[in-house]
Structures are given as C-alpha cells and as structure tokens.
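Participant: Following this message is one structure expressed as structure tokens.
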Amino acid sequence: MMLRLLSSLLLVAVASGYGPPSSHSSSRVVHGEDAVPYSWPWQVSLQYEKSGSFYHTCGGSLIAPDWVVTAGHCISRDLTYQVVLGEYNLAVKEGPEQVIPINSEELFVHPLWNRSCVACGNDIALIKLSRSAQLGDAVQLASLPPAGDILPNKTPCYITGWGRLYTNGPLPDKLQQARLPVVDYKHCSRWNWWGSTVKKTMVCAGGYIRSGCNGDSGGPLNCPTEDGGWQVHGVTSFVSAFGCNFIWKPTVFTRVSAFIDWIEETIASH
C-alpha cells in the first residue's frame with residue numbers, strides 16, 4: 001500500500017547473516033525471487049485493519065524483542081495496526097507466525113518527518129509491540145550498523161518484502177528478495193540520477209532491473225558483514241513515480257546508521 005513515488009521530484013513511498021539467499025531466479029520484488037522461508041527472520045509484516053480484517057501495508061524489522069523499525073510514511077494515526085512476525089506466505093497460516101496488536105500511543109515517528117516532503121528525509125518510525133516477541137528459528141533480532149557507518153559503492157545488499165512484483169502489478173503471497181548493490185551518494189546524487197532529491201541520510205541501492213515497489217516500504221535493506229552475518233542498513237522509503245524500476249532511479253532507503261542515536265534514545269525513554 002505504501003512506498004513513496006517521486007517523478008524526478010516525484011517519489012513514491014514503497015509503502016517496501018541469517019540463512020543463505022535462495023539461488024533460483026524468478027520475477028519477484030521487481031525481478032527478484034522467492035526468499036528461502038524464514039531466512040530473513042527479523043522481517044515483519046505491518047498490517048492495518050479494515051472492515052474487521054487486516055491487510056499487509058508495509059514491512060519492518062524486529063530490532064529488539066518488543067521494538068520494530070519501519071518507515072515514517074507507513075504510519076497513520078487514523079489506522080489500527082498489528083505486526084506479524086515469523087511470516088512467509090501471507091495467504092497461508094504456516095505455524096511460526098506471531099500476531100501482535102499495536103497500541104496507537106506506541107507509534108513513534110521521527111519528529112522531523114514531513115509527510116508532504118518525502119525527499120526531506122527522516123522517513124523512519126519505531127513501533128513498540130504490546131508484548132515481546134518469542135525468539136526462535138523463524139523470529140530473530142536484526143543487527144544494526146554502528147552510528148555513521150557508510151557502505152562502499154556496490155556493496156551487495158538484499159531488499160526483502162511483499163511489495164508489488166512490478167509497477168502496478170500484483171502483490172505476492174510469499175516473501176520476496178532481490179540483490180541490490182549499493183549506489184554511493186556520489187553517484188546517486190548526480191543530476192541525471194536522483195540529484196538533490198537524495199540526501200546524505202539516505203542510501204541508494206539497485207538499478208533499473210531490480211528494485212523495491214509498493215508494499216516494500218519500511219522493510220529492510222540487508223547488507224553482509226565481514227563475519228558472515230547481516231545488518232539492516234536501510235529502511236525502504238521511495239522509488240520513482242515513473243516506475244518502480246526506472247533507469248537511473250535506484251530504490252532509496254532511509255540510512256539506519258544516521259538515526260542510531262534517535263533509535264536508542266526513543267527505546268530508552270519508552
């Protein structure tokens with residue numbers, strides 16, 4: 001549902017080290033593939049209530065037993081939410097799922113987030129769960145990078161989510177993944193790429209073949225560590241309004257390492 005789109009200056013919010021990625025190729029996330037079940041065990045589905053049923057709207061990452069990080073544009077005070085942990089196939093109850101209600105007063109959007117200016121940055125929010133997650137094989141905590149950490153150009157990261165399979169396309173049932181190499185700020189901020197739209201508190205990844213799309217918003221950009229693990233370096237924020245995988249418009253993420261202090265302060269005070 002969410003994932004900000006920007007056409008040149010119009011974006012669209014994509015409102016989108018554990019287990020090896022699957023090796024087969026198909027066409028998902030926008031030219032991604034089905035993830036190995038529960039291979040990204042910090043991935044969550046943020047769902048909103050409508051007419052008595054809940055529907056997937058955004059992704060998120062479990063960063064503490066009772067805290068999830070997602071995108072600011074995923075949060076509306078007018079909606080009722082739940083978080084589903086241990087999810088893989090949205091259409092089937094498979095057993096590991098943990099459904100946790102969210103209290104509206106436990107939604108913490110970054111104070112500088114401006115819904116009318118996605119390109120201004122600060123597209124990040126924290127959700128305090130109404131009860132702690134039960135950790136296990138299918139539900140684990142994400143690791144976050146150190147404050148200020150910047151990934152080198154072409155770092156091979158993975159986006160994960162249940163976003164549309166292509167622009168205006170269908171939503172998948174199974175969790176999707178796609179390999180998105182990091183595009184550093186020097187390249188991503190070129191005038192014929194994202195220009196001044198992209199800020200240093202963001203991270204770009206991917207290209208015109210693989211990208212995030214609507215429904216991936218808030219989900220993680222998972223990047224490898226030297227010890228064989230993974231860190232969540234990005235929160236999926238926006239793509240071009242011309243299309244989810246438009247040339248010279250890589251997917252843009254909120255750079256998690258730019259907000260470590262805010263994350264730690266918010267959790268400590270609540």
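Using N, Cα and C of the backbone, Cβ positions are placed for all residues, glycine too.
When I checked Swiss-Prot for this same protein, it listed these features:
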type: SIGNAL; residues: 1-15; note: signal peptide
type: DOMAIN; residues: 29-268; note: domain 'Peptidase S1'
type: DISULFID; residues: C58-C74; note: disulfide bond
type: ACT_SITE; residues: H73; note: active site, charge relay system
type: CARBOHYD; residues: N114; note: N-linked glycosylation site
type: DISULFID; residues: C117-C120; note: disulfide bond
type: ACT_SITE; residues: D123; note: active site, charge relay system
type: DISULFID; residues: C157-C223; note: disulfide bond
type: DISULFID; residues: C188-C204; note: disulfide bond
type: DISULFID; residues: C213-C244; note: disulfide bond
type: ACT_SITE; residues: S217; note: active site, charge relay system
Participant: If you measure C-alpha to C-alpha, which of C74, N114, C204, C223 (recorded positions) come within 10 angstroms of S217 (active site, charge relay system)?
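Facilitator: Near S217 (active site, charge relay system), where near means Cα within 10 Å, the recorded positions are C74.
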Participant: Taking the Cβ of each of the disulfide-bonded residues and counting other Cβ atoms inside 10 Å, which one has the highest number: C58, C117, C120?
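Facilitator: By the 10 Å Cβ neighbour count, C58 comes out on top.
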Participant: What is the total of other Cβ atoms whose distance to the Cβ of C188 (disulfide bond) is within 10 Å?
Facilitator: 22
Participant: Work through the disulfide-bonded residues one by one (C74, C213, C244) and name whichever has its CA nearest to the CA of C120 (disulfide bond).
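Facilitator: When the Cα distances are compared, C74 comes out closest.
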Participant: Under DSSP, is C117 (disulfide bond) helix, strand or coil?
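Facilitator: The residue in question, C117 (disulfide bond), is coil (DSSP, three-state).
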Participant: Are any of H73, C117, C157, C204 (the recorded positions) within 10 Å of C244 (disulfide bond) when you go C-alpha to C-alpha, and if so which?
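Facilitator: Checking each Cα against C244 (disulfide bond), there are no hits.
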Participant: Need one number: mean pLDDT over the domain 'Peptidase S1' (29-268).
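Facilitator: Taking every residue in the domain 'Peptidase S1' (29-268) and averaging pLDDT yields 93.
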Participant: Specify the nearest of the recorded positions H73, C74, D123 to C157 (disulfide bond), where nearness means the distance between Cα atoms.
Facilitator: D123
Participant: Name the secondary structure element type, per DSSP in three states, that contains S217 (active site, charge relay system).
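Facilitator: Coil, per DSSP.
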Participant: Between H73 (active site, charge relay system) and the residue listed as 'N-linked glycosylation site', find the distance joining the two CA atoms and give it rounded to the nearest Å.
Facilitator: 9
Participant: Across all chains shown, how many C-beta atoms besides its own are within 10 angstroms of the C-beta of C213 (disulfide bond)?
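Facilitator: 33, counting other Cβ atoms within 10 Å of C213 (disulfide bond).
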Participant: Should C223 (disulfide bond) be counted as helix, strand, or coil on the basis of DSSP?
Facilitator: strand
